[in-house]
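Inspection log for the structure reproduced underneath, given as C-alpha cells.
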C-alpha cells in the first residue's frame, strides 16, 4: 500500500473515532407504580428516556403486545401518557422500546396498578362467645382492595378506637384483633376499619358482638404466640422492617425482644408500648442476625425466632466493546439475588437462541452477525469513502470493499424506501434546503418540491433538582431551556404522574417569562412526590424530573386511651401518628377538666416522653375530677396537631386536703356570732358528700363547739345566743369532710360577736347650699363613750316635707355632699349613727333650700375672628329670668384635637381671645356661670384650620367673620 493511501486510512480511522454514533441507552426506565384514581385524575405519566446517536424513537408494549397509540395513549418524548385512566382497562405490564439505526433496547417491565378499596359485605356477623380469662381472635376479613391499607378496630361505635396494649393487639399483616385475656369490660360490638393509604378511603365492617359466657371462668395457662414473623426474611439495603409478635395467655403475657447473639439494639430501632412490634428503619448489614420474641407469664414462656438476612444486590454491567475482525468477544453477565436469577440474552430486543452466563461471539468479515450487531457504532461520511475509492487502485479498492460495505449500510443517513419516501437520519444544519421528488414511468415524469428547515434542538439547561422543604415554605423548581429562536416552548408539569391543572390549584403556579419554573406556595405535606417538567415545541419534546420531600410537624397521635386510674394518677397510651418525614422527638400529654381554662400540660412519668414511647403516667391529678386527655407530638420542624381527646375518666375519691380560705365574720344582730368563709372549689373537694365543720369557742376557754353543714356550697354560719355580751371575742376555725373522711381545719382566727345599736344621735347638724342641685351637710360626731354600740358610720336621711319617701346615704365621715337635687327646693335633713347591729336614733331634722337654677338661655350671637394663630370670640350677655340665678360669668370650653382633653377659660366678660397651637380645627362651646351652677351650653362651633401661609395672608388683608344663627348652632 502506498504511504499516501496508508496515511489516508489512518486519517479515516481517526475521523471515525471522532464522529462516533451509537445505539440507544436508557437514562430513565419505567418502574412499578400504583396510582390512586379519583374524579380529578384524568392523566397518568410513565417515564422512559434514552440517549443515542441518532436520537432513538420509541414504542411501547402493553402486556407483552405492541401498544397502539390511540385516544387513550400519547407519546411525549419517550414517555407514555395515559389519558382518562381506568383500572380495568389500563392495569398491566408496560415495557418501553427504544430504537435507532444501530439497534433496539427493551426497558425493564413495569407493572402499573390502581389503588382501590371496595366495601365490606353488609351481612351481619355472628356473635363470639367467650369466657372471662379466655383469649379471643376477631377476624377482620378485609374486602377486595389494592394498595397499602391500614387496619384499626372500633369498640361500641365511633370514635372509640381500640389501641393496642399488652392485652390487645391489632395486626397490620392480617387485620385481626387479638385479645390475650378477655375481661368483662371487653363485652360489646367490634367493627374492623380498613383505610386505603393511597386513595384515603375508609370502609367499616359489620359489628362483631363479643358476648361473655357466665358458665365458667377460664383458668390460667402458659403463653401461646399467635402472631409471629417469618422464620427467614431477606431484607434489601435501606428497607424498613416491621416484625409483629403477640401472645395469648392468662395471666396476660409480657413481650420482650432480643438478638440471639446478645448484642444490644441500636437507638434507631423502635418497640411500641405493648412490645408487640419491632421496627428497624434503614436496614444495614449489621442489622442482620437471629431475632427472638419472648412471651412469658407466671405459667411459662414461649419463644418465636426469625433470621433477617441482608440481601445484597450486585450485577456485572456490560460495556460497549471495540473489537478487531476475527477476534473473539467475551461478554460476562453475572447477578446475585434471591431467588436465583434467570438469564436471557437479547439482540436488538429479540431473544438469542443461546442463553448462557458467558457468551462468546466470533466476529468475521461480512458475517451476518456482524451486520446486525454493531459492537462499536461507527459512522463514516460518504464523501470520504468516495474519495478513498477514487484514489485507491482496483486491487486495493477490492480489499477495502470487503471491509467497508458492512458499515456503509449504517452511515448512509439518507435512504429512499421502495415507496419513494426519503428518510434522513441524525439531521444536521447541512440537511436544510429544498428537496424535489421526481417520479418517472413510460408515460411521463412528475415532481414535487418541499423545503426542509432544521431547527436547533430544545434542551433543558437548568433542570429541577430533588430537594427537601418544610411545611409553609414557598419553593421554586426551575426548568429553563435553550431552544431555537423561532420556536415557542410550551411547559407542562406533572405531579406523581398527573398533569397539574394550574387553574384548580392555588399552591401551584408557573413563573418567569422565558422559563417554566414551578413555584409551590405555602408547601404542604401532600405536595411530596415526583415532579416532571415537560417542554414541547413544534418539532420536539424534552423532560426532566425531580423528587420533593416535604417535612412538617408530626401528625396527630391516634387512639388515646386512659387506664389504671387512681386518685392522683392515670396511665395514658396512644398510637403514633405520621412523622411527616421528620422523626418524633417528644410527646406532650395535656388534660382538661370542667374547671380548667382550656387544655393544660400535665406532669408525667417519665417527665419528658421520648419519641419512641407511646405510654406515660399522668401524675399530680386531683381526686374525684373528670379528666380528658390528649397527646401532641413534637419533631424538629415543630409541634403537631393534638390527638382527638380521650373519653372522660374520673379519678378515684380521696379525703379532702384543702381547708376553706379567708375565714372571718362579725356583724349580725345582737346575740349572733356570724362566721363566713370562701367555699372550697369543687375540683378540690376530692369526693362526694362534701361538707363543712364549723368550730368556735369564746377566747380563753378550752372546749370547742362544733356544727356540721352538709352542703358543699355553704359559706356562712350564724350561731345565736342571747347570753353573751356584744363584741365577745371567739376563736373560730372551719374544717371539711367528704364520704372518705375528714380533712384539715383552717387556721384559727378571732371573730367578734354582734354589736348592739348606737344609743345616741349626733348632737348638732347643719348644712349649706352649694348650687341648685347640691348641698353639703355637716354634723358633730357621736362620742363613743356616750353610746352603747360601737359606731362605724353615719346615715344621712334627705326628704321633702310633703313627701313620705326618704333617701338615705351612708358615709364613714362627719360630712357629705348630696347631689341630684332640684333648684329652689326646701329639703329636710337628719343624721343617725350606725354599726353592724343597726342604726341609732335620728337627730332633729334641719331644713335647707337649694339655690335658684342657672340660666336656661345659652349665650347667643356668637362671632369669631381668625388671624394668624389667634381666635377672637365675642357674644351677647345672657340675662337671667326671675326664677334663675344671676349670671356671674362665662365658661369657654375648647379643644383642637379629638384625642386630647378640653381646655377651659372662665371670664366675667362677653369676649375672649384664644391662642392656636396647631394646624387643626377648633371646637368651641360657651356656657353661663351662676350661683346655681353652670348654665346651658351653646351648640358646638367648629372653626376650620388654616395653613401657615394662608394665616399670614389673612392677617395682612382681611378679617374673617362668621355669625351663627340659632338654627346653625343647633
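Yeah, the Cβs are placed from backbone N, Cα and C, and that goes for glycine too.
Taking TrEMBL as the reference, the stretch among 812-836, 837-861, 862-886 described by the feature region 'Disordered' is residues 837-861. As stated in TrEMBL, the feature region 'Disordered' covers range 643-666 out of the listed 619-642, 643-666, 667-690. Secondary structure counts, DSSP: the domain 'Fibronectin type-III' (659-756) has 3 helix, 47 strand, 48 coil.
Each of 223-304, 457-543, 553-654, 659-756 was scored by its Cβ pairs under 8 Å to the domain 'Ig-like' (118-211), and the highest score goes to 223-304. Note: the stretches the domain 'Fibronectin type-III' (553-654) and the domain 'Ig-like' (223-304) are in contact (3+ CB pairs below 8 A, sequence gap of 6 or more).
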